[in-house]
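*Asks:* Take this structure first; my questions come after.
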Amino acid sequence: MAPKVTSELLRQLRQAMRNSEYVAEPIQAYIIPSGDAHQSEYIAPCDCRRAFVSGFDGSAGTAIITEEHAAMWTDGRYFLQAAKQMDNNWTLMKMGLKDTPTQEDWLVSVLPEGSRVGVDPLIIPTDYWKKMAKVLRSAGHHLVPVKENLVDKIWTDRPERPCKPLLTLGLDYTGISWKEKVADLRLKMAERSIAWFVVTALDEIAWLFNLRGSDVEHNPVFFSYAIVGLETIMLFIDGDRVDAPGVKQHLLLDLGLEAEYRIQVLPYKSILSELKALCADLSPREKVWVSDKASYAVSEAIPKDHRCCMPYTPICIAKAVKNSAESDGMRRAHIKDAVALCELFNWLEQEVPKGGVTEISAADKAEEFRRQQADFVDLSFPTISSTGPNGAIIHYAPVPETNRTLSLDEVYLIDSGAQYKDGTTDVTRTMHFGTPTAYEKECFTYVLKGHIAVSAAVFPTGTKGHLLDSFARSALWDSGLDYLHGTGHGVGSFLNVHEGPCGISYKTFSDEPLEAGMIVTDEPGYYEDGAFGIRIENVVLVVPAKTKYNFNNRGSLTFEPLTLVPIQTKMIDVNALTDKECDWLNSYHQTCRDVVGKELQSQGRQEALEWLIRETEPVSRQH
């Protein structure tokens, strides 16, 4: 696939950086982050500014353009993809490698003295702004807000912002009403003497009001802001979508509710003016809560003396701890998902030897089987369907130019998931339809040992996710191997497939302790550039663990796998497993057989059931 030609776009952007219509004084550098005004990871087409300018469309990356340079920072998931998608105008900055400068240090090294660095304040997170501004200031430069987004000025066919209908969720799915959620939030606000809370993250707003949307592909969210006071609720949302009868009834808009639960509906774009007006009337002691990941524009609308920033909002933390209705829904969703994947893998085993299955047709088939399941809404992210060398591109998405045919000679990796009304799934399986090489089996077995080490871990209550990351890497490290991504991320309940504040990563940002009810992924991998990729991913639920003793009465936790899809034993060097690891695998496969087998039977999917039974035969080491 040829990289995007960007010379003319960069020329126009540099011209805009000097245009007095957009900037009071010329700027010498312009920063283009990945996100939108809500700092979302996955964004609508109208917000894909970095991809438009550079050609690189991965979910994480920051572009910086100066008069002479164009540089792109991204992480290890996207090194190969970014290198292929960008032309030679761009320098790829590989984050996490010791020779790669930070964005701030690079700017200081290339900018002329006293430079002005511009950025759209609605898109830049507050914590990023503070860090960048401090370094630039100490080097004699200035970070300046540019209120007109310069990319929008040169993007002549920029798509419209979506404004799609809303979906209401009942108590069967949510377990708790939106009024109760607001009441719980207000209790937390009162504990901290907070008068107002500004909600900017789209998944937090969707969760708070038990609403879902489809404004962002694969993410059931809708463009909005919310402000919650101790006696007031404001929802900033465009279109007439709250006027739909079901939504009106759900939000109780027609009822003469007591004032504290009456929702004022306001235009989406009025958030800054309304927030400034609200802050103008604050008494000296009143505080306004906002995430430090909210945009700089939103934070700056709140006077410093009244602003109370936090890394994780109370909604973010409450949303991460699933209640019993949400946990049960996630279990149901994963059983349905397993049925679809059993169908897929049975189909692949029959069709791949015939030579007509491609990465794209396999991904399409996975979606076809998922669509047959009850309450299917959408995929949860674009399917990563990759064979042979494409598997080494961690977040690869097949397109016609790169679409390989699955064969009996290559490792196949599929990372896929779905949004069902009762839950969100994310699962990766790696398989071989012929005979894997000894080296492929060796690497797969190291990854499996890491996967089991995390899944079977028992750890004290209060443990933070980053402390478990080395469990997943230990077998790889022993052989001098590793992978350049985190081991796990939080998963929403019919919400975003990636959510905070919990995760399992070598980066210590996974700083919220794991607690019962949180749902994360367990997904170690290994990638051999130009050859193959291996990843084994389950979604797991944090649950209390039964232990012989209970030190200091603190309790212990472990994981319950929600994903119930067989792990291909053909890829395993069984003799390299310990007895304990064999026991874990056999127990896991027995659960897959019992739980998913029952559902396959009830849906009359006999061939897939036979495949499941074959794939869950016990394994044993040769002693």
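Every residue gets a Cβ built from N, Cα and C, even glycine.
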*Asks:* According to Swiss-Prot, Asp426, Glu537 bind Mn(2+) 1; which one of Asp415, Asp529 is listed for that same site?
*Replies:* Asp415
*Asks:* So Swiss-Prot lists Asp426, Glu523, Glu537 for Mn(2+) 2; which of His395, His432, His489 goes with them?
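*Replies:* For the Mn(2+) 2 site that includes Asp426, Glu523, Glu537, Swiss-Prot also lists His489.
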*Asks:* Starting from the peptide binding annotation in Swiss-Prot that includes His395, His489, His498, Glu523, which of Arg18, Arg49, Arg50, Arg77 is the extra site residue?
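*Replies:* Looking through Arg18, Arg49, Arg50, Arg77, the residue Swiss-Prot assigns to the peptide site is Arg77.
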*Asks:* When you measure from the Cβ of His498 (peptide binding site), how many other Cβ atoms are you left with inside 10 Å?
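*Replies:* Its Cβ shell of radius 10 Å holds 21 other Cβ atoms.
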*Asks:* Can you tell which of the binding-site residues Arg77, His395, Asp426, Glu523 lies nearest to Lys304 (N6-acetyllysine) in space, using Cα positions?
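*Replies:* Answer for the nearest of the binding-site residues: Arg77.
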*Asks:* Apart from Arg77, His395, His489, His498, Glu523, which residues in this chain have a Cβ no more than 8 Å from the mean position of the Cβ atoms of those residues at the peptide site?
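*Replies:* After dropping the recorded site residues, what remains is Ile394, His485, Gly486, Thr521.
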*Asks:* Out of the binding-site residues Asp415, Asp426, Glu537, give me the one sitting nearest to His498 (peptide binding site) by CA distance.
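*Replies:* Among Asp415, Asp426, Glu537, Asp426.
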*Asks:* Cα within 10 Å of Asp415 (Mn(2+) 1 binding site) is the criterion; apply it to the binding-site residues Arg77, His395, His489 and give the hits in sequence order.
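*Replies:* Of everything listed, what lies within 10 Å of Asp415 (Mn(2+) 1 binding site) (Cα to Cα) is His395.
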*Asks:* Any idea which of the recorded positions Lys304, His395, His489 has the thinnest Cβ neighbourhood at 10 Å?
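*Replies:* Relative to the other recorded positions in Lys304, His395, His489, Lys304 has the fewest Cβ atoms within 10 Å.
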*Asks:* Between Arg77, Asp426, Glu523, which of the binding-site residues has its C-beta surrounded by the fewest other C-beta atoms within 10 Å?
*Replies:* Arg77
